[in-house]
């Protein structure tokens, strides 16, 4: 037996449970550390199988695929650690039974982000590599804030990589950085509630919870568990950033006035370090509350026993940029911009390069994305609006009357929060998918016309008939897409294609 075989035999056996993108990344990382692997999936041909087989020699991996509705009894034999895919629901069969067995056997259960945190700790010891880490979570806006934060940081002169839920997986990005000898100064991590459930040692320099609305209740069980999963990232963070308009995120910090807390919101900021919006002379501005120019830092007084903790002071408001100068549309995206700026500002970067980058940022695909205008009607692709909160934000943020296209797989959500915003902002609603009728039933009290469409082509055509000049036709389904489409990007692509087809039929060429 050679040295490599000896080290693998001595290393603990790791079970990779679920072979999606994060499972492949975790398997590659564990194999890189010399761990023998066992890979299990309920599917016979999981999506990540080809990628893993290409990356690793078969001899290092034992595959247990096609497990179906029950994992085999001997799956945990010899296993020291389970890396759990965020796509597996812990309280549903067959995952629930396997995790119960793992607890009985004292087998550690972690996720890919936890392995990433431990990898950074190891690199700090072996290479003295200590990057800054910024973490972003929330129901809606995570990908936009993550991508924008990375761009703001790079504009400020620091190297950065974005990874996590945004793709690539964090460990895949780390492997690439190591192989390219291109470790960044800053990691910007988009983290889902699923990922946070299995993360324990990640301690970001700054973390933000953007918002919390109903989503993934089929995975977490209830809103309390969902919010608690999101809140996990704030406690270990050196700087906690929350949305002060959202009571659920405010409740995650001890006090909005605390020295290690920052907030953003729709109102004018009052405490140093906070950001917000201000309406002045008919123009909405992105604003920041900053220290008064002549304030000198006072020496920190010795804190008396039982004295209240020190708090942040008020400051002066600085107007940074008109909201209309942003290319990303809607108030919700203005708030996303504020969150990204606060994260970048936590690295002591200046406003100038940030604002120039922010002005040019066009947003991410399928997120309040303008497809085109036809006959003075804007057609907007917000296919990523897979939950009620996202659709509420899109309707409130656009600032124009809307014909809404909504529906799909509702995931057990309560659709009633749509009622007041549809009443205020929607001229009509076109319903699609298996839960379209359920949404229509909930919206009956609004008095807003609701019509059904069999497919996206009919939905776009019906919406075009209902829209008036100056309106927007908004695809923001408030639902998952899998009843009619491969995924939400496919849904958005079909919508965009139908909009372009409509333009051709009307003789309008882009």
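Each residue, glycine too, has its Cβ placed from N, Cα and C.
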Region 'Disordered' per Swiss-Prot: which of the ranges 271-293, 294-316, 317-339, 340-362 is that?
294-316
Among the binding-site residues 139, 140, 143, 144, which residue has the fewest other Cβ atoms within 10 Å of its own Cβ?
143
According to DSSP, collapsed to three classes, what secondary structure does residue 143 (ATP binding site) have?
helix
